[in-house]
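Colleague: Okay, handing you the structure first.
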Amino acid sequence: MATTYPPAHARQDRHEQRERRPARLRSASGRLWRTSPLTYITLVAALLLSVFPLYVMIVGATESNDAIFKMPPSLVPGGRLTHNLQAVFSNVDANVAKGLLNSIIISSSVTVSVVFFSSLAGFAFAKLHFRGKNALLLVILGSMMIPVQIGLIPLFLMMVKLGWENHLAAVIVPALVNGFGVFLMRQYASQAVPDELIEAARIDGSNTWGIYWHVVLPALRPAAAVLGIFTFMQTWNDFLWPLVALQDPENPTVLLSLRNLGNGYYQDYAQVFAGTAVATVPLLIVFILLGRQIIGGIMEGALKA
Amino acid sequence: MSLHLDATPAHGPTGAARQAPPPRPQRSVRHRLTWLDIKGSPYLYVAPFFIIFAAFMLYPLIYTAYVSTRNWTLGAPDSTPAGLANFRELWHDSQFWTAVGNTFGIFVISTVPQLLLALFLANLLNRAIRGRVFFRIGMVVPIVTSTAVIGLVFSQLFSKDFGFINYLLQGIGVHHIDWKSTKWSSWIAVATMVNWRWTGYNALIYLAAMQTIPKDIYESAALDGARPSTQFWRITLPMLRPTIIFTVIMSTIGGLQLFGEPALFGSGSHYLQGGSLHQFQTVTMYLLQEMFERSRLGYAGAIAWVLFLMILVTSLLNFLVIRRINSDK
């Protein structure tokens, strides 16, 4: 194995062995791993339920308002998607285009900052020695328990005083780094970066920053990707604090702008659905493209907790 | 160089150093820089978190405590001391207790079925199935959506005259339900949104834990004649206990802060009210209502602190349970 690559027939042999073993076990353990059609039916049903509301949203975005208020409800897409999208983007009350741009700016800058500062602090906690490390780590864990709501009033007053009310800074700056990110990176760094690697870099004359940049950061890339995806989704979907901090309807996030689509004398639900689709589809695409990593991230995170 | 070697060949570099000392001050500066780098840079690297934490979490936490002891109206230049009057008023405030009841009620009917269903789905996903990645992605897709989007879509699904849910119920002979109008129906609608979003996510977490259970435990149990259902109750469930408690804690923290779903479910200009009789107003919605609609900052501060204590006590109870279970093993 170590010296030469095994010949084709040997590989096939091993492959067969691998196939045969579970089969033997299966016969020994009865119906342990047998999958009945009922399993598939239940799983497909669960899958349909979890996708259904999203499907309703997309169908709604393609209908006329009258078609939405129809019994039985239509489940086939209509032909008015472009019309509805035009209505959404030309709605003067909602400022959806501005909201979309703001959400992209906020989510991207928060994501870059969270990944950078979390990996830096996570590296320090996992691999560097300094006094008070454990106490500081406890503070980080404790910070994860503080709900957003409790700081709402002072935070709002602070933003008024700083003149950041209705500015994106009010949403970006408090989110620049968080305890969850630091803790996640610390957990990953302590097992993904061997101490010997850091010692070797030091002997080669690297300073601490050089070690972070050239050794640690590349090793942290998988965890950084997961943290980045989650941070982006969370920031994009954050509702409570932007609602308080960005009260000016001229400068909303995309989710805040949705609320103003439905306001008014005439409730155009087709427009509301098209707006929610505009706010959701970008994330949906990212999710489907990076689905495997996200799944892996959730499952790995669960085991480390 | 050659001279040194000739003079003290045995001592090597040490001799060389003794004969021609290197530029000492320079070396000392570099040494000191390295020392500073090793001792100082860790603090520099963790500093950003602690600056943000102190400014935007710790300070507001303490300041809210101060605000809660004042009479303070939004926009008013000054506040007057109120002592514990805000907390005393809160104790007798029936709307607050309704909100607490709603929050815990919705929390229970969203967490219990959700975690049971997640356990069941994880058990299915753990079998030898085809298309496992496909199923997993499909089931966690709801976490992509924001509460705002869920609120809007579900308020359409739960609408009285044209909603899909009432259409289905009509098929089994149930007359159109006005979901927003009564306590239980609105709780169910809000809990459905929460369940829809988080069930698949929790199923994935359980699945991850199930896959760490060694297979030979099942194999020997099967040899002893244990049926799959027995194996689930006697092996899988006990081994998952820490994970189950972890998900319970996460659901507690999220559930007691519930805001987006009920707020958008009762959309319109009085979205913080949670229905005409506050039948689905949560504590956070009440907090915001006092803050923005009634402009009572001091009172809102008292609500915030009580909410914080509620979360803290519930989490602490959960933590003690975990410790207990870990020491049992």
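Every residue, even glycine, has its Cβ placed from backbone N, Cα and C.
Source: prediction; values computed, not measured.
Below are the features listed in TrEMBL for this protein:
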| type | residues | note |
| --- | --- | --- |
| COMPBIAS | A:10-22 | compositional bias 'Basic and acidic residues' |
| DOMAIN | A:100-290 | domain 'ABC transmembrane type-1' |
| REGION | A:1-26 | region 'Disordered' |
| TRANSMEM | A:38-61 | transmembrane segment |
| TRANSMEM | A:100-123 | transmembrane segment |
| TRANSMEM | A:135-156 | transmembrane segment |
| TRANSMEM | A:168-189 | transmembrane segment |
| TRANSMEM | A:210-233 | transmembrane segment |
| TRANSMEM | A:269-290 | transmembrane segment |
Colleague: Ranking A:135-156, A:210-233, A:269-290 by the number of C-beta pairs under 8 Å to the transmembrane segment (A:38-61), which range is first?
Modeller: A:269-290
Colleague: Need a quick answer: max count of Cβ pairs under 8 Å to the transmembrane segment (A:210-233), which of A:100-123, A:135-156, A:168-189 is it?
Modeller: A:100-123
Colleague: When you scan the chain for residues with a C-beta under 8 Å from the transmembrane segment (A:168-189), skipping those not six or more beyond its ends, what do you find?
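Modeller: Same-chain contacts beyond the flanks: 102, 105-106, 109-110, 113-115, 117-119, 121-123, 125-127, 137, 140-144, 155, 159, 162, 216, 219-220, 222-224, 226-227, 231, 235, 238, 241-242, 245-246, 251, 253, 301, 304.
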Colleague: Same chain, outside the transmembrane segment (A:100-123) by at least 6, Cβ under 8 Å from its Cβ: which residues?
Modeller: 168, 171-172, 175-178, 181-189, 193, 212, 216-217, 220, 224, 227-228, 231-232, 235-236, 251-255, 257, 278-279
